Amino acid sequence: MAKEPAMKLIDLKKDIGKKQIIKGLTFEINPGEVFGFLGPNGAGKTTTIRMMVGLMKISEGDVLIKGSSIKSDYKNAIQHVGAIVENPEMYPFMSGWKNLLHYARMMPGITEERIKEVVSLVGLEKAIHEKAGRYSLGMRQRLGIAQALLHRPSVLILDEPTNGLDPHGIREIRQYIRTLAEKENVAVIVSSHLLSEIEMMCDRIGIIKNGELVAIETVKALTKTEEDRIHIEAVPLDRANELLRQTLQLEPTMEGENIKLTAKREEIPSIVKCLVEGQVDVFGVQVQRSTLEDKFLDVIGENAIE
Amino acid sequence: MSNFFRLVFNEQVKLYARKSTWIMFGILAAIILGVAIFGKTVGNFDEDQYGDDWRQQLEQENAEIAEGSSEEEVANHWGIEENNYYLDNDIKPLEYDAWQFVVDNAMLSSLLSLFTIIVAAGIIAHEFRWGTVKLLLIRPVARTKILFAKYTSVLLFALTSLVFLLVFSWITGAIFFGINGANPLLVIQSQNDYTQIAAWAEMGRSYGLRLVNLVMMATFAFMISSIFRNSGLAIGFAIFLMMAGNSIIGFFMEYDWAKYILFANTNLEQYYRGTPLIEGMSLSFSIGVLIVYYIIFMVLSWLFFTKRDVAGH
Ligand SMILES: Nc1ncnc2c1ncn2[C@@H]1O[C@H](COP(=O)(O)OP(=O)(O)O)[C@@H](O)[C@H]1O
Ligand SMILES: [Mg+2]
């Protein structure tokens, strides 16, 4: 039996007024996968998420959560979802604990033990009885994640969870997102407008621009199979050039004191070996990774990033 | 239905977690105490003390009023009419007491209306203002159910504050003015005449009738809150209409359709004391009109709450 996707978007569209904000998104997220939903501000991430959780009506297409349509089978679909949409806003006049109790009462079968469990998972034990209005943004993000996890959802949707967090906070979030995906088989959707903040926690990244999905990339594949740009400083250059062309069938170019070429990472040792054995002195090898960031910038254009 | 009960419970928790709710009860208590203190000192609520010679006392009061008034004035003077009622029916006037105080405080139910309007106006709009509506509505609970839990919570607040008003008034009245038994017979004015009515019955009647107005205005504020998602607007609108209600009717009085205006019908007292506001109106007519308005308010609240997108601003 084929594995059922945790969430499936089918040609999802949203019109507001005469404008089409979301222009036909189709993709799937599998159980245990962390999916990065990446795009510049105003690309339509939050709008898409609002449709995923039924806050906004779907103009066209559908969202299936574990096979149930959020449009026609709302309760069955939404019971598998935990989410933060935009900022994690809580009742400021109640303690974090009372906020969690409030949401727990809206879902069946959540025990006090479970609430304590999620509180300790997000590391809020100390502040949980303080008023949520006094929480920092980072603490509210954690409380937001806690309320999303109460009912052990199969799909966790976090809209810009790294917003307002320092690098330490981002690392922590990354850790429990990875744990949830790997240990509890949760499908996690994390949106962001900054690739660097989510790159390391995602298995796959979908890039959205102006309401359209412009690329979906597997993170590991990208960093493994992509060819790297390699700069080699060697003397004499002519001989190095000749050796690389003849023995390794590479196509280097010469630039000043350097030879430039593109090759896979695994090939670097054999390149160096070939040069050294051919009586060429190697003074330095520099590897420039072609990162997702470049790809992201290529796709959306640098100006779009603030 | 325990599910629905838990939603209502949630709403009550949120309501009473806020200081402003307690301030409302504080204001109510302060006003009741204020009225009692005023009554005891300056107002002389319990000034009339009738002994065994109460008939003579009443006659003398009448004579005092009649002195220096024309014959016509005397015939229509309410004090004389009231005293004559006691004399004609051989009822000894009761001293002012807790029951009378509770009945008199029925006018404070307009304050309850005000508070209930404030609560009704906020109960939906605040969720939008705080942004918590997004977390509230992504649960395996139909929006309709959440809406009715909120509405039920508003009514529950109205009921709670009504009970508070009654009980606190009674206790305050008992302390300041004493108690004339468990259910004394009070003399009240009705239809240009006086009648005797049991305290409990009179309380039920006067508070009950005012509740009609309270529920209608609260439902109206609830509707505005659902449509515009803005509590200030809902409070402003509802209070303005509550205050301006009578002027609005006065303004349109000459038209046939004036009797279909909500405010011409919210005051059901008009059928107990005096004549209807506009000719051709009856109790059943007013009840019919109120039901139609009520259904419109509820349907609009429901439509806007359940059908509209929860979009960013
Ligand atoms: N309620 C709305 N009415 C009209 N346009 C909207 C509304 N909400 C969002 N938009 C527009 O939709 C686009 C996508 O917004 P959003 O989904 O918030 O982007 P993101 O979350 O990726 O930053 C933006 O251009 C925004 O102006
Ligand atoms: Mg957004």
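Cβ atoms are placed via backbone N, Cα and C, with glycine included.
Quick look at what TrEMBL annotates:
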- B:21-39: transmembrane segment (TRANSMEM)
- B:106-125: transmembrane segment (TRANSMEM)
- B:146-179: transmembrane segment (TRANSMEM)
- B:207-225: transmembrane segment (TRANSMEM)
- B:232-253: transmembrane segment (TRANSMEM)
- B:283-305: transmembrane segment (TRANSMEM)
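The largest share of C-beta pairs under 8 angstroms with the transmembrane segment (B:106-125) comes from B:207-225, of the ranges B:21-39, B:146-179, B:207-225, B:232-253, B:283-305. Ranked by Cβ pairs under 8 Å to the transmembrane segment (B:146-179), the stretches B:21-39, B:232-253, B:283-305 are led by B:21-39. Using a Cβ-Cβ cut-off under 8 Å and counting only residues 6 or more beyond its ends in the same chain, the transmembrane segment (B:21-39) has close neighbours at 15, 45-46, 96, 101, 105, 108, 111-112, 115, 118-119, 157, 161, 164-165, 168-169, 172-173, 175-177.
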